[in-house]
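In what follows, a structure is listed as structure tokens, so that the remarks can point back to it.
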Amino acid sequence: MSPQRAFLLNCIRHPSILYFCILPVYVPIRALAESISSFNQVFKDDFERLYFFSDMLIIGAILGLITWLTVMLTEKLVKDVKQKSDALTMVGFFCPFLLMLTTYILLSGRFGGGALYMTMGVHFFLLSYLGNQVVLHTKRYQLIAENSLSNEIKNNLMSFIVNTLGIIVTILFVGFSFLNLLLPFTLATSICGAVFYYFRFVRSIGSFNIQVFLKCLLSFAIGALLALLCGALMYRWHNIADALVIVIIAFLSIAIAIKTKPRYVMLCINGASQYSIVVYVLMSSVLLFLFDDQLSQIYQAVYPLEPVFSLIVVIIGLRLILRKKSQTTDATIRQNIFLFGMLMLPLLWCFYTIGSANIAWVLLAVIIFFIIYAIVEYVVMFNLRQIIFTNQYSNQTNTLLSTYLNILYQGFIPVIYLSIASLLHRYSMMAFKEVLLSSLLILVLLVIIFNFITQLTLRKC
């Protein structure tokens, strides 16, 4: 069987199809979040909304570690691998129903800031837990014609599926948003998620041990409680939560340097910083904050093109991989991240232009931003995931690497950005949009400088 045919057949049967049901309850907490009136009713101040949308990413960094700890606790409580796997799958079945409740609280506009933050913690823990279920079932998924697929092609499989689903979900999301049916749409997709989860994962389970199930449910409940407390902590003390992210990153950096190669720490920070900038600007609504009120509709109209650009980049990358015969090495990863890191330079122009009043230039800047986002997302995530694919590390080390990358993606840059923005807001007379733009320009320049430092340092290794 040809690699192309095997790739397409695996896409149809792949467990990550579940993301069609995960993405709708994640998309409302993305770039269009600022246009949802319920958040404006709760958080009156611009900086309060900025912190809330930023904390949604930062809390994801902390919850990645909580999910990992939950899995570790489950392994301590349950020794039998098959029983543990079945019980974890059964626990995951309840996540879509719980997501219906958390989604309603987040989008209804009937609850205060404290309730939103605590719900946000549980909401993203549930998403993280479901995402972890996709990973676990993907590991057990027997690929069709696996021998004909290289590590690079396997790496592209999930990106292709998620970006294809992203196009469908984004179009549906925008359509239902304009019809003022966003909340019913997201609740309906949670029901669809439960139905898919049952027929794809639960139905194949024969009998399972109720005691093992209760032990897994206990670790899940502890993780959800920690997530709720984490949300409360972020609402009460932003600075402590931000400092906690930095401490976690420092701790994991030391662990990664010991368990893998020390140069991977610098390589991961460099690549993740580039990707994190475009993700943070998009998902925390910073980009939407920069627009004048009359131009924000342009952004919302063009936004559905974002996953289209991402899918095009994935397809181009897949074709290049199918043509090349050589394997990806550490030197190739370093060089790719450095070269495509130069896209941070036109990104500066995009941020500066989006704040202007010229419709044509703003439209061009938004399109270029989405193209840069798609390229950086693919190149960085593909190359950093290749570290896991090309090295024969243990499952625990691979999980640690994956957790480390997720925390860097979601936590590092948002914390640095908020620190810069807070300093400018406190010690300057700049308006809100000027603070946002100046902070972005400073942050992008720092990432560009670190990109050169990483290239010069690791080239000697």
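Cβ coordinates are placed from backbone N, Cα and C, and glycine is handled just like the others.
According to TrEMBL:
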TRANSMEM  7-29  transmembrane segment
TRANSMEM  49-75  transmembrane segment
TRANSMEM  87-109  transmembrane segment
TRANSMEM  157-176  transmembrane segment
TRANSMEM  182-200  transmembrane segment
TRANSMEM  212-234  transmembrane segment
TRANSMEM  240-258  transmembrane segment
TRANSMEM  265-291  transmembrane segment
TRANSMEM  303-322  transmembrane segment
TRANSMEM  334-354  transmembrane segment
TRANSMEM  360-382  transmembrane segment
TRANSMEM  436-458  transmembrane segment
*asked:* Counting only residues 6 or more past its boundaries, what in the same chain has a CB within less than 8 Å of a CB in the transmembrane segment (87-109)?
replied: 21, 25, 28-29, 36-39, 41-42, 74, 78, 115-116, 119-120, 122-123, 126-127, 129-130, 133, 136-137, 182-183, 186-187, 190-191, 193-194, 197-198, 201-202, 205, 208-209, 212-213, 215-217, 220
_Stretch in 7-29, 182-200, 240-258, 303-322, 334-354 most in contact with the transmembrane segment (49-75), if contact is a CB pair under 8 A_ = 240-258
*Residues sitting near the transmembrane segment (334-354): Cβ under 8 Å, six or more positions beyond its termini, same chain?*
267, 270-271, 274, 277-278, 281, 287, 290-291, 361-362, 364-366, 368-369, 372, 375-376, 379-380, 383-384, 437, 440-441, 444-445, 447-448, 451, 454-455, 458-459
*Check the transmembrane segment (182-200) against each of 7-29, 157-176, 240-258, 303-322 and return whichever range has the most CB pairs under 8 Å.*
7-29
*Determine whether the transmembrane segment (157-176) and the transmembrane segment (7-29) share at least three Cβ pairs under 8 Å, counting only pairs 6 or more apart in sequence.*
yes
*Please work out which recorded stretch in 240-258, 265-291, 360-382, 436-458 has the most C-beta pairs separated by under 8 angstroms from the transmembrane segment (303-322)?*
360-382
*For the transmembrane segment (436-458) and the transmembrane segment (265-291), does the number of C-beta pairs under 8 Å, pairs 6 or more apart in sequence, reach 3 or more?*
yes
_Quick test of the contact rule: Cβ under 8 Å, at least six residues beyond the ends. What residues does that give for the transmembrane segment (360-382)?_
152, 155-156, 159, 271-272, 274-275, 278-279, 281-282, 287, 291, 295, 298-299, 302, 305-306, 309-310, 312-314, 317, 336-337, 340, 343, 346-347, 349-350, 353-354
